Structure formats: structure tokens, C-alpha cells
Amino acid sequence: MLTVAVLISGTGSNLRALLEAASHPDYPARIVAVGADREAEGFAHAQHFGIPTFLVPYEQFESRAAWGEELSRQLAVWSPDLVVLSGLMRLLPSGVVAAHAPRLINTHPAFLPEFPGAHAVRDALAAGATQTGASVIVVDAGVDTGPVLAQERIAVVPGDTEHTLHERIKPVERRLLIDVVRDIAEGAIDLTAISAASRP
Ligand code: GAR
């Protein structure tokens, strides 16, 4: 059974979908802890499923590195096989990435490498894109630059706002995330091999 820690910042709707999937006896992964950089609304989903939470408030640390050290300490308590960034809106310090890579994945509301960063949905609309997408990637040292594990296209429709478009993207992200975590647990995705192959 693959053990998973999930890091969030916000509403945690993708987290909730993964919690629901993982609550089925046939699903080959279990969520062991949910962490956040702020008092995230999504903690309520973890509590609903009886999953422990931990808070590492970014603002209370003097540097990103110090925040990352505490985050690493908290993650180490659970020794997860996999860490999932599901709406964590902070760049992880390189030390945290190095400690978990390649068993560290991220969901992103765009068809990477298009529209990386914290405002992917807004950026797609601002660029006048007629389609965007959803991606699940391995986290590496860059910003949304790691190898793509799964992705799907989603059309931008006339009249879309950041909210309407994001709400259409999220269900696709959920499906991709649930499938990717299952594939990692079952060995159909080999993160070590994929990461090694992506290195120049
Ligand atoms: C998701 O769309 C996720 O991909 C995005 O935040 C949302 C979180 O939604 N993450 C990023 O943009 C990271 N760059 P949720 O809290 O409802 O799951």
C-alpha cells in the first residue's frame, strides 16, 4: 500500500477527491497526512476522513528555507512513499524537493509547459488561448518544469471567467491525479525511471 502525504493551500477540492478514492478498499494508496502553509479550508476534508493534519504557517518563518526545514520535519513524521502537491501555492525550497524527489508530484491547471506558475488559469485567458488543460507532473527544481505524468486538453469557451474555466479544469485534474497515484502505487508509473530519463 502506497502511503501519501498531501500538501494544500486552499479549498482542497482535489484533495477531497483523492481522499474519496483512497477510502475505497480496492484503491492501492492511503493518505496518511495532509499539510498546509496556512489555515486551509481543505483541512476540513482531511478531518472528515479522520486524516491527521499539520500546519506550517509560511508567514511565521524568517525565510523560505526555514519554512522548508520545518515542512520536511513534519513530513518525516509520516515517512510517506509519495508527496502530492494539490494546490500548494508556494514554491518548495530546493532542500525539500531534493529530500523527496522523484516521489513528489504536483497537479497544475494548464497543459504544461504552457502557463506555468501560480496564475495558470488567468494567464491562459489573458493570452486569448482557445484551449488550456490540466497536468500532473513530477516536481523538480524548476517552476512546473518536471516531467509530465498525465495531461489533458480543455477548451476555453466564449464568456469563460477565471472561475468558470478553473471549475471545468478541476474535475479533469482530479481524475488525472487519482489515476496517476494509482499507477504509481501499482508500478505502472516508475517515477525514478521517468526522472532519470528527463535529465539532460
Ligand atoms: C488546483 O487547480 C491546482 O492545480 C492549483 O490550485 C488548485 C487547487 O484547488 N494549483 C496551482 O495552480 C499550482 N501552481 P483545490 O484547493 O480546490 O484542490
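Counting begins at 1 with the first residue displayed.
Backbone N, Cα and C atoms are what each Cβ position is placed from, and that goes for glycine too.
As given in TrEMBL:
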type	residues	note
ACT_SITE	His108	active site, proton donor
BINDING	Gly12, Ser13, Asn14	N(1)-(5-phospho-beta-D-ribosyl)glycinamide binding site
BINDING	Arg64, Met89, Arg90, Leu91, Leu92, Asn106	(6R)-10-formyltetrahydrofolate binding site
DOMAIN	4-181	domain 'Formyl transferase N-terminal'
SITE	Asp144	site 'Raises pKa of active site His'
Original post:
Which residues in the same chain, at least 6 apart in sequence, have a Cβ under 8 Å from the Cβ of Met89 ((6R)-10-formyltetrahydrofolate binding site)?
Top reply: Ser9, Gly10, Asp37, Ala118
Original post:
Which residues does Leu91 ((6R)-10-formyltetrahydrofolate binding site) neighbour through Cβ under 8 Å, counting only same-chain ones at least six apart?
Top reply: Arg64, Val143
Subject >> Those residues of the chain, 6+ apart, with a Cβ under 8 Å from that of Gly12 (N(1)-(5-phospho-beta-D-ribosyl)glycinamide binding site) >> reply: Val34, Ala40, Glu41, Gly42, Phe43, Ala44, His45, Ala46, Ser86, Gly87
**OP:** Give the sequence-ordered set of same-chain residues, not counting Gly12, Ser13, Asn14, with Cβ within 8 Å of the centre of the Cβ atoms defining the N(1)-(5-phospho-beta-D-ribosyl)glycinamide site.
**Re:** Ile8, Gly10, Thr11, Leu15, Arg16, Ala17, Gly42, His45, Ser86, Gly87, Lys170, Arg174
**OP:** Mind running the binding-site residues Gly12, Ser13, Arg64, Arg90, Leu92 against ligand 1 and keeping the ones whose CB falls under 6 Å of it?
**Re:** Gly12, Ser13
Subject >> Euclidean distance between Cα atoms of Asn14 (N(1)-(5-phospho-beta-D-ribosyl)glycinamide binding site) and Leu92 ((6R)-10-formyltetrahydrofolate binding site), Å >> reply: 19
Original post:
Which one, from the binding-site residues Ser13, Asn14, Asn106, has the smallest tally of other C-beta atoms lying within 10 Å of its C-beta?
Top reply: Ser13
**OP:** Name the secondary structure element type, per DSSP in three states, that contains Arg64 ((6R)-10-formyltetrahydrofolate binding site).
**Re:** helix
Original post:
Counting distance between Cα atoms, which of the recorded positions Ser13, Arg90, Asp144 is nearest His108 (active site, proton donor)?
Top reply: Asp144
**OP:** Write out the long-range same-chain contacts of Asp144 (site 'Raises pKa of active site His'), meaning residues 6 or more apart in sequence whose Cβ is under 8 Å from its Cβ.
**Re:** Asn106, His108, Leu112, Pro113, Pro116, Gly117, Ile137
